[in-house]
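Engineer: What follows is a single structure, and I will ask about it in a moment.
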């Protein structure tokens, strides 16, 4: 691996008296680094959409621009997986800021170089590149969280961290307005968020650290005395990419089930998000400002929803991620049916449905990522999360744009909703299968430990 990305070497252990205060201070500091670092990736993820109306005025068709934008999702799905495998053998302190600076550089290029927005092919290639660098955001955060927080704390910490993308996702339109006020140039949609992202990358590098051992601290399991079922000394050894795949990812049946469930969770998440402005306008006769508010509320309702979901998965369901997912996905399916069946002319009900769906859907998105981290040993965590993300983006995101779009063209909005609701029912079934499988695996490990 490129030598700048090499994991930081383990240091001699600090004196016992210093371990607790150092651990506490570093955990806060590192959390700020991965929270704002990851939020900043969202500054340069969806900001191209803000420039699209101006590109339509230049004569590009909406369909073509949609195709160019899909470059981000396609590249991101692959990259999250491949970069996940690379990040399991890299220092997250260097890895996360590097990806952020590269993604921002692509956006600066698109903002300042006239031919970069001159053709669909060029835009697709540049957005594909940006999407590729975007994949360097999640895996180092996942690696950091499994090394610095123990299993019992992780649901809460992952759910707070997961709000970063809702926080980051809401900021680009504000930066764009600021840029328009200062420069009166629509390219500000591309370069304003990019400048901010670079500043945050420097902040993240200053705050983040690699493993506890690289700071002279004991592994988290020892510090918190919280060992997972299958923890042993081998869990601290770094693994090769081939070992990670062949031993822990490909043969892991439960990981395959949650990866496929992820396709259907993403189908609903992006199906509602991407199509709500069109649906609310065409079917529910919403004005532009109302449908924009609905979109904003959907994103921001995800914050309390994710926090509640993480808290419930730790405290109410006692770490049973499958059961929590079933609970939230069942409720979100009901909310989607109400949203679809509600007749035009009741805008309040539609707004409430958008808030409820946003509140409920981001929890399962977070849980599946967390669940993947826990189904694999911690040195394979990035690869496992990337594996489920690959399915989510390539299957779910692309299906949400293309399949839902074509279904609506041929069978009307009822057809589109049937696809999304059918998908979320399949997600519930798959999560029930995982729940049963986990219970069996847990009992088997207990038996081996007690009797074996």
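Here, residue 1 is simply the first one shown, and the rest follow in order.
Cβ coordinates are placed from backbone N, Cα and C, and glycine is handled just like the others.
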Engineer: Decide, relying only on Swiss-Prot, whether residue 218 and residue 343 lie on the same side of the membrane.
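Structural biologist: The record shows them split across the membrane, with topological domain names that differ.
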Engineer: Can you dig out which of the ranges 37-57, 226-246 Swiss-Prot describes as transmembrane segment?
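Structural biologist: Here Swiss-Prot associates transmembrane segment with the stretch 37-57.
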Engineer: For the feature transmembrane segment as recorded in Swiss-Prot, pick the matching range from 190-207, 208-225.
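Structural biologist: In Swiss-Prot, the transmembrane segment feature sits at 190-207.
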Engineer: Please find, within the list 1-21, 64-84, the residue stretch that Swiss-Prot describes as transmembrane segment.
Structural biologist: 64-84
Engineer: Flag the pair the transmembrane segment (37-57) / the transmembrane segment (415-435) as in contact if three or more Cβ pairs fall under 8 Å (sequence separation 6 or more).
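Structural biologist: The transmembrane segment (415-435) and the transmembrane segment (37-57): touching, no.
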Engineer: Take the C-beta pairs under 8 A between the transmembrane segment (161-180) and each of 121-141, 190-207, 288-308, 322-341, 388-409. Which stretch has the highest count?
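Structural biologist: Against the transmembrane segment (161-180), the leading stretch is 288-308.
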Engineer: Is the topological domain 'Periplasmic' (342-346) packed against any residues at least 6 beyond its ends, judged by a Cβ distance under 8 Å, and which are they?
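Structural biologist: For the topological domain 'Periplasmic' (342-346), the list is 283-285, 353.
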Engineer: If you average the pLDDT over the topological domain 'Cytoplasmic' (369-387), what number do you get?
Structural biologist: 81
Engineer: Among 190-207, 322-341, 347-368, which stretch has the most Cβ pairs under 8 Å to the transmembrane segment (288-308)?
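Structural biologist: Most contacts with the transmembrane segment (288-308): 347-368.
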Engineer: Between the transmembrane segment (121-141) and the transmembrane segment (64-84), are there at least three Cβ pairs closer than 8 Å, leaving out pairs fewer than 6 positions apart?
Structural biologist: yes
